[in-house]
Amino acid sequence: MEDFVRQCFNPMIVELAEKAMKEYGEDPKIETNKFAAICTHLEVCFMYSDFHFVDERGESIIVESGDPNALLKHRFEIIEGRDRTMAWTVVNSICNTTGIEKPKFLPDLYDYKENRFIEIGVTRREVHIYYLEKANKIKSEKTHIHIFSFTGEEMATKADYTLDEESRARIKTRLFTIRQEMASRGLWDSFVNPREAKRQLKKDLKLQEPCAGSPTKVSHRTSPALKTLEPMWMDSNRTAALRASFLKCPRK
């Protein structure tokens, strides 16, 4: 699973996920399913935000290529992926500027057009069950909830899906592709079932122990199918700024 995650997701997403797990004392090499789940959630948050802007009148527009007009600003503020201190600083700044109620839990995004925080969910289960769990945890009508599943289903507060149909379809397609590729590698069942994941981990650890006298052959090639998974959605104009903002610690 770890190899799949590192090949499947944008390096910046992987780096952010590793940083988030280490902040809570978790090891991406051991808790590989959680590693995959965090990367998936991060990517959905970025895809939700990318290419969406607001103009000087506060109207929402989509710009998919080229340099956006200087008067445009990103419609969504990405909060997910930042360290907790910085994330709360961003939330507090938004609340002080807009007068919006401060959320009890850190949200994933802030929508400048609708003046609301958004909680994004990505589930391997039924969307309505996960939606209710999120709603019961947040207990705030001010935070908008939007849930996506790997089967193409979605659910949002008051059936308000925020984004246009094409943008949401892009997210659903990506999730469905991840599921298919996991399944083709025998990873999907363990991703859905934690008990199966533990058994798979023990099996993997045993397989990593080389037999005495046996030659070891390692392939570093990427399959043609996996190449289709490489995310093309990243807004190149924004990537550098995000990296500087989210990843302040230089690589060693």
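Backbone N, Cα and C define each Cβ position, glycine as well.
As recorded in Swiss-Prot:
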ACT_SITE  Glu80  active site
ACT_SITE  Asp108  active site
SITE      Arg195  site 'Important for efficient shutoff activity and nuclear localization'
SITE      Lys198  site 'Important for efficient shutoff activity and nuclear localization'
SITE      Arg199  site 'Important for efficient shutoff activity and nuclear localization'
SITE      Lys202  site 'Important for efficient shutoff activity'
SITE      Lys203  site 'Important for efficient shutoff activity'
SITE      Lys206  site 'Important for efficient shutoff activity'
Give the distance between the Cα atoms of Glu80 (active site) and Asp108 (active site), rounded to the nearest whole Å. 5
Residues near Asp108 (active site) by Cβ (under 8 Å) yet at least 6 apart in sequence within the same chain, in sequence order, are His41, Cys45, Ile78, Ile79, Glu80, Ile118, Glu119, Ile120
